[in-house]
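Database features (TrEMBL):
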type     : residues : note
TRANSMEM : 75-95    : transmembrane segment
TRANSMEM : 157-175  : transmembrane segment
TRANSMEM : 187-205  : transmembrane segment
TRANSMEM : 225-249  : transmembrane segment
TRANSMEM : 270-293  : transmembrane segment
TRANSMEM : 329-346  : transmembrane segment
TRANSMEM : 358-382  : transmembrane segment
TRANSMEM : 388-405  : transmembrane segment
Amino acid sequence: MQRLLFPPLKAVMGSPCLRLLIPGAAPRTQCGCSCGIRRPLRPGQYSTISEVALQPGRGTVSQPSKAAERVVGRWLLVCSGTVAGAVILGGVTRLTESGLSMVDWHLIKGMKPPTSQEEWEAEFQKYQQFPEFKILNHDMTLAEFKFIWYMEYSHRMWGRLVGLAYILPAAYFWRKGWLTHGLKGRVLALCGLVCFQGLLGWYMVKSGLAEKPDSHDIPRVSQYRLAAHLGSALVLYCTSLWTSFSLLLPQHKLPETRQLLRLRRFAHGTAGLVFLTALSGAFVAGLDAGLVYNSFPKMGESWIPEDLFTFSPLLRNVFENPTTVQFDHRILGITSVAAITALYFLSRRIPLPRRTKIAAVTLLALAYTQVGLGISTLLMYVPTPLAATHQSGSLAVLSAALWLMSELRRVPK
């Protein structure tokens, strides 16, 4: 039986083709001895299958290097900064009531501002045909119109800059092979979301240009469309920032304990709460709800105002009643700060790396600063500089929450 099995097995194991598949093995010399001396390899010949796989065009696709990942991470970090700038500029545009000054939208033609007196007068005449001028700004001068026009123009041009910051480098990195398979899908989604943002912005502006004979309110954009516009911008910002953190910040090899799992889940929930609070600010801005009750901690003379549920059906109050919208924003803000405070003290019970501790402290400090800005904005009847700072603070708190989430993310096995 041994003579039947072992000699064929020995012959197979001695085959040069099989030895090529075994790492570290190489064809023996043809001298007939078993001294194990390697024969010099001819150009283009590989001793192991792993060496074959490393050659370009031979079986596997090469992965981007660490240096390429860092470049892509820095690019997405810059992109998230441009999105933050667009959100802040859009908030200032809304606070100065400049968003309805440009009554048409052209991707290329709209990039050229008026240069002569005749062009400015023609632009002003177009604005005069819409409800905002007829009802709210009927005594506006051309000089005042130029200010609000340039505010909206700056916001639109910044939006085009954001699109270029995403699309052009994405095409370059894709061609260079610096994007992994998973990153390609995410980058495509981000570029698509940027384009969608432009269309959604114009869809929002159109709601403020429409004639509303049955309405006695001042012309303004739909708070639903404003919330959708801001929400998609926040999704774009968070996704870009989270991806850049994943590429730039080395992961900590934390022990997977029950306390860490609880802290990680609580951090995710807190970040979602911060996102929801920032989104509720769009309804406050869309309805000018910050001007309804300018007192704190009470709303007027009571903790719960009497006109909280005056609309019917009841659900309309959450999105259309200025009193309820401001009340909800207050409750969400207070809950967010309470959750961030609890998250900070929970993080102190676990031995964490120094960078993670800094992220937790930063989140706590920004949250309480944001509360101070919000209360000051309310008590001072929403001055534009302070309100714009408050809106910027929401992005800062959201960024710190994402940073802490990134610090606590699970290391893949």
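Any Cβ shown, glycine's included, is placed from N, Cα and C.
Tallying C-beta pairs under 8 angstroms between the transmembrane segment (75-95) and each of 187-205, 225-249, 270-293, 388-405 places 225-249 first. The transmembrane segment (270-293) shares the most Cβ pairs under 8 Å with 329-346, out of the stretches 225-249, 329-346, 388-405.
If you look at the transmembrane segment (329-346), the same-chain residues 6 or more away from its ends with a CB under 8 A from one of its CBs are 262-263, 266-267, 269-270, 273-274, 276-277, 280-281, 283-284, 289, 299, 360-361, 363-364, 367-368, 370-371, 374, 397, 401, 404.
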